[in-house]
Amino acid sequence: MSGGKTQPPTGPRGKVVMLKTARKRSVASQRWLTRQLNDPYVAAAKAQGWRSRAAFKLIELDDKFGLISKGSRVIDLGAAPGGWTQVAMKRGAAVVVGVDLLPVDPVPGATLIQGDFNDDDMPARLSSLMGGKADLVMSDMAPNTTGHAATDHMRIIALTELALHFAFDALAPGGAFVAKVFQGGSEKQLLEPMKQRFASVRHAKPASSRKESSELYVVAKGFRPNGLQD
């Protein structure tokens, strides 16, 4: 794998690969496979040793917002398959703990927990494991999509709210939170509690996020445990 300054792929795409439709392959599956084969980020992730193209999203967000500092403690919610955990380790975090309901293959240097981050004792458990509270809580989680935009939007907002309230318990003063949301209007309901507890709140859509996708990332920095009183 290349070093911490790995950059996303640039330049024109290569030859477009088209797949013949197999009898047992659905149209949606056919479309997904064709897109994967022609996605430069998928190819670059494989070539550079990242477990998913999503690694480039965190690389871009970190380059822009300075989320991962040397020696920091990082929690990766919904860590599978481990791409964001890899990036955090490669960029100098001292302690990285990934949590997911699914099993995740080991990432050198990181601790991976198969469990539910929403368990009441999880923030305290992770704080004890890391030797202190986190400097960054990050989430690239998304619920299973239904194809109905409004439903999918509300589902990810609810999931991100859970991640945000986890971060309130898990973050050290001055810490940061980054999470994926889908655009659709209701993401604004996240802003008020975030503005109460963080010094700055921004939205960003990395270049590696597919143009047709409604996903964007909310980035909050300067955590204030006591809200505006701090």
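Placed from the backbone N, Cα and C atoms, the Cβ positions cover glycine too.
Pulled from Swiss-Prot, these are the features on record:
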| type | residues | note |
| --- | --- | --- |
| BINDING | GLY82, TRP84, ASP100, ASP116, ASP140 | S-adenosyl-L-methionine binding site |
| ACT_SITE | LYS180 | active site, proton acceptor |
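Around the Cβ of LYS180 (active site, proton acceptor), a 10 Å sphere holds 22 further Cβ atoms from the protein chains shown. Among the residues the record lists as binding S-adenosyl-L-methionine, namely GLY82, TRP84, ASP100, ASP116, ASP140, the two farthest apart have Cα atoms separated by 18 Å. Long-range neighbours of GLY82 (S-adenosyl-L-methionine binding site) (same chain, six or more residues apart, CB within less than 8 Å of its CB): ARG51, SER52, GLY98, VAL104, ASP105, VAL107, ALA110, LEU112. ASP100 (S-adenosyl-L-methionine binding site) counts 21 other C-beta atoms within 10 Å of its own C-beta, drawing on all protein chains shown. Less than 8 angstroms from the CB of ASP116 (S-adenosyl-L-methionine binding site) sit VAL99, LEU101, MET122, each of them six or more residues away in the same chain. Straight-line distance linking the Cα atoms of ASP140 (S-adenosyl-L-methionine binding site) and LYS180 (active site, proton acceptor), rounded to a whole number, equals 5 Å.
Following the DSSP three-state reduction, the secondary structure of ASP140 (S-adenosyl-L-methionine binding site) is coil. Each of the binding-site residues TRP84, ASP140 was scored by the number of other CB atoms within 10 Å of its CB, and the largest score is that of TRP84. Annotation note: TRP84 (S-adenosyl-L-methionine binding site) sits in a helical segment as assigned by DSSP.
If you measure from the Cα atom of the residue listed as 'active site, proton acceptor' to that of ASP100 (S-adenosyl-L-methionine binding site), you get 16 Å.
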